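Structure first, commentary second.
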Amino acid sequence: MLRSIRPAIVMVALFTLLLGLAYPLAVTGVAQAVFPDQANGSLIRNADGQVIGSALIGQPFAGAAYLHPRPSAAGDGYDAAGSSGSNLGPLNADLAARVAEEARNIRAEDGPGAIAADAVTASASGLDPDISPAYARLQAARIAAARGVPVQEVQNVIDQHTDGALLGFIGQPHVNVLLTNRALDARVPAS
Amino acid sequence: MTIQGWGEIALTLGLSVLIGWPLGIYLSRVWNGERTWLDPVLRPVEGVFYKASGVDPTRSQGWLGYAGALLAFNLVGFLALYALLRLQGGLPLNPQGFGGLSPHLAFNTAVSFVTNTNWQSYGGETTMSTLTQMAGLTVQNFLSAATGAAIAAALARAFVANRGEGVGNFWADMTRTTLYLLLPASLILALVLAGLGVVQSLSASVAAMGMEGGQQTLSLFPTASQLAIKQLGVNGGGIFNVNSAHPFENPSALTNLITAISINVLGWAAFFAFGRSVLAKKDVRALVVAAFVLLAACAAGLYAAESQPAPALVAAGIQQPVNMEGKEVRFGVPSSVAWAVQTTGASNGSVNSMHASYMPLSGGLQMFLMQLGEILPGGIGSGLAIMVVMAMLAVFVAGLMVGRTPEYLGKKIEAREIQFAMVAVLVLPLAILGFGAVAAVFPTALAGLLNPGPHGLSEILYAYTSAAANNGSAFAGLTANAPWWNTTLGLGMLLGRFAPAVAVLAIAGSLVAKPKLAPSAGTLPTHGPLFVGLLIGVILILGGLQFFPALALGPIVEHFQMLAGPAGV
């Protein structure tokens, strides 16, 4: 083993230069040149060029005129510098209490319709940008009332921002909350 | 459960075998030093590495020399990474301004990445600087994978040799696997993923002003480059705290499919490479079938368990009580289950959903998959090596039944091989159950648990299973960043990695000197369904029975609690 110490040191040093600097910097260079939008976080800007978020990262919405996201366990909610799930076990009393409270709040806001499972559960990342089409549908009436427009108009915007499963079976249908809310503001201004 | 869900799970598992096959043939060429189409570019680079380090790549080492080189290389890698982690506060490329890590966290993390475990006691975006992620963690993602592959290369030579001496050259095996396979494959995968939305930036973060006026800080990293080798190298340590559940690390169903498949591609490739190198394609096909049958059975069980109604949601009157706690909407249950099976069957440990929040039996199956020894298909080469050990035990058991000296792939399997084989397979229960038993009664350890009752025991059991099996996934409710957990989990990882590695190399050293026998009428065929059944039996008895009592107290009792009554026990 002692005879191997010198080659070990040299190999670790050389590989650190190759794999730890040259490789990631080369990938960064190519990605920044060819896919700058994706490489920098698929950022969304408003008309003034101000960054309002990322198409990939959820953010909190509480207003009645907006689609609400899922519960989040990242920091105080949607902390994009500290991703986290709740990690509560399926029988944990805290989980049952939180789910029940979320369900009560949703029923108070959106009426007695069927609540989708994603509406009352925290995502793995705490940054889930999406909700299920069923949860979006449940919220459409409230949003339409807040904006003083027919429900169908809101539902149309939601439908336009609903993505199906890839090839019909890979992943799940989902509605991007931030993109939908941005489109709602642009197309159905709150009265 | 839906047809679509079954289809997605089958596609993920099946494609990783299919893609692994041609890559395995290529890997065998790399191990043997045959010509490849990358030679014009890489031969000179390879030469520089040997020349600078004073290594003669053509000199075949005995098993002790090979093991010594392997251990020295990993020791130096550990020390370099430990130093980097401790000193990162004063080093460049630290736009986040993070300080150095505590000694126990630096020990745990350095061990974790050198042993290919990639357990994370830390949250990536709140702990690690850009330089550490690149020059520390990414580097060991490559080198630990190449170390595992080297073990398989040596074992293959031992079976090929006829009264030979050396098992090959560690430096050549490690260097060639890294340069010819891991680096080009990662380069391609990283660029594909960057194009599909995975971030790749040297900036620390972007500030956003949310639509409702809240400030949001979006953490960035050179993610795609590390993600690629994290999956291909069967490593699993994510850039971000939540690993591949983070939308910047896994933005869509497509990136999820690609990265889930790439977890196991090279693990399977090592099987096929071994088969080509040893001229035993049929026998290795039997190993692949046995591994795949077990993996598919566990996948079906996991999907069924995870499709049960979630108690907390039933209690709240949710009509379709799918267990979405700890899962992302874009993935749903099938993508999450497919990933969970891939990552625990291999020694990967990356996650796209939070395993702690799975249904009790699902969590139990995840542990069971790891406890089988990370051979379905396991890490690159390290999984294959333990699978070959299992096959040797299977022929040994069969030999005992008929009273003949067993043979495997033309080599007599005798007392010395079986002794080392037992060391290789018994280290895992020793580390898991030993440390687990102490932690379960030690107040300092118990302070780290999040969940009460049997789920708390599952957190302990999962942690030591994950560490000793070099997996790295977690029931992340456990607050592992404390001296007790960091230290004992680190020791578990070292035991689980290097004891089997040295034992397998000792077996290789013993086998290489033996004559290569032609099969006779008394040789047990090791490629038919009979042998596949025997092998599965040995794996289940060794992996399953040892851990059954512990699993009965954790996930299984929790399952019965769930059946017995309302949520909130």
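Backbone N, Cα and C define each Cβ position, glycine as well.
In TrEMBL, annotation is done automatically, which means it is predicted and not curated.
Feature annotations, reproduced from TrEMBL:
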type	residues	note
TRANSMEM	B:6-27	transmembrane segment
TRANSMEM	B:63-85	transmembrane segment
TRANSMEM	B:142-160	transmembrane segment
TRANSMEM	B:181-202	transmembrane segment
TRANSMEM	B:253-274	transmembrane segment
TRANSMEM	B:286-305	transmembrane segment
TRANSMEM	B:375-400	transmembrane segment
TRANSMEM	B:420-442	transmembrane segment
TRANSMEM	B:462-482	transmembrane segment
TRANSMEM	B:494-512	transmembrane segment
TRANSMEM	B:532-553	transmembrane segment
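When each of the listed stretches B:63-85, B:253-274, B:286-305, B:420-442, B:532-553 is scored by C-beta pairs under 8 angstroms to the transmembrane segment (B:6-27), B:253-274 comes out highest. Within its own chain, the transmembrane segment (B:181-202) is flanked in space by residues 23, 26-27, 30, 38, 93, 95, 130, 142, 145-146, 149, 220-225, 227-229, 231-233, 248-252, 254-255, 258-259, 262, 266, which lie at least six positions past its ends and keep a Cβ under 8 Å from the stretch. Tallying C-beta pairs under 8 angstroms between the transmembrane segment (B:63-85) and each of B:420-442, B:462-482, B:494-512 places B:494-512 first. Taking every listed stretch (B:142-160, B:253-274, B:286-305, B:462-482, B:494-512) in turn, the largest tally of C-beta pairs under 8 A with the transmembrane segment (B:375-400) is reached by B:142-160. If you look at the transmembrane segment (B:253-274) against the transmembrane segment (B:420-442), you find fewer than three C-beta pairs under 8 angstroms, all six or more positions apart, and that falls short of contact.
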